[in-house]
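Straight from Swiss-Prot, the features:
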type    : residues                       : note
TRANSIT : 1-28                           : transit peptide
BINDING : His205, Asp206, His209, Glu221 : Zn(2+) binding site
Amino acid sequence: MISRSIFSKSVSLQRSQNRSFLLTAASAVFGSMIFNENNQLASKMERGELHYDDPNASLNEKKVSPASNKYFSRRESEYPGHVPLYGIEKFMMFIGSGLGSFFHPENNANIVALGESTAIEPVLRKLQRQMLSDPVGRQILREKPRMTSTSLNLDHLRALPKNTLGHTYVSWLDREGVSPDTRVPVRFIDNEELAYIYQRYRECHDFYHAITGLPIIIEGEIAVKVLEFMNMGILMPGLGALLAPLRLKPSQRERLYSIYYPWAFRSGLNAKPLINVYWEKSLEMDVNELRRSLGIEQPPDLRNLRKEYFAKLKKEKRI
């Protein structure tokens, strides 16, 4: 019995020693692993090779929209403010702005969008060739002047002699209550130089009004649009000349068709390319001499014709 008890204690002691050895060995191995890993982490930190995952990475990632894949990638802008459009987008802009321009021609946003959606590349390339083939046109493309009330110095123009282009222009602005600062920048034409050519056309529009004396009432706008279309071939003025009269009164259409359309056809075809006129450098020129040099005849005064028409109506009603 005594020997059995001694043997049992001996076995228990051996087992306890074995467990202690195993625990010690495991602790040593685990500690060595941790120490080795810490050494590796420290080494990586020292070499700049350690990178932790950013928990906010998913929030900082740029959202990828369906339109940004290889089939619908948006082109890069070609100049400040440029908005590249797909063909279908430009077509939808044409439809929307066309309807808006017909029913609400007083909304300038419709006119602007219609103009740029119909400013097709072949027409703009033709104007570009005209400018490149002319020394003044080349100078305009090289210098790229912009027309604002500051660049034109309207106060200086008011002080010029009455027979000058500058005084005629600023007098027309004052009479009609408009400003050269209202011309919005081109956004939807893809080529930078073509965009400038259309911007130039847009900013010169008031000079066409000034040298012809036509007001900004709808009949005057249509007449100037016909002149622009016949001279430069830009589509939007042609569409305006074709469709805008449909909303006019019979008396207005009669004036346009009998007086101002024939004048605009004749002047537009006979005049020199208006896109090549450096208006800013002609401000001190005699306006009548300028008209002759350009080949533009001045049409009958539209406001006077309207006054005469309404006076006649008033007289007939009294009778």
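In case you wondered, yes, glycine gets a Cβ from its N, Cα and C as well.
Distribution of Swiss-Prot features across the structure.
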| residue | record | CB count, 10 Å |
| --- | --- | --- |
| His205 | Zn(2+) binding site | 18 |
| Asp206 | Zn(2+) binding site | 22 |
| His209 | Zn(2+) binding site | 21 |
| Glu221 | Zn(2+) binding site | 19 |
DSSP secondary structure for Asp206 (Zn(2+) binding site), reduced to helix/strand/coil, please. helix
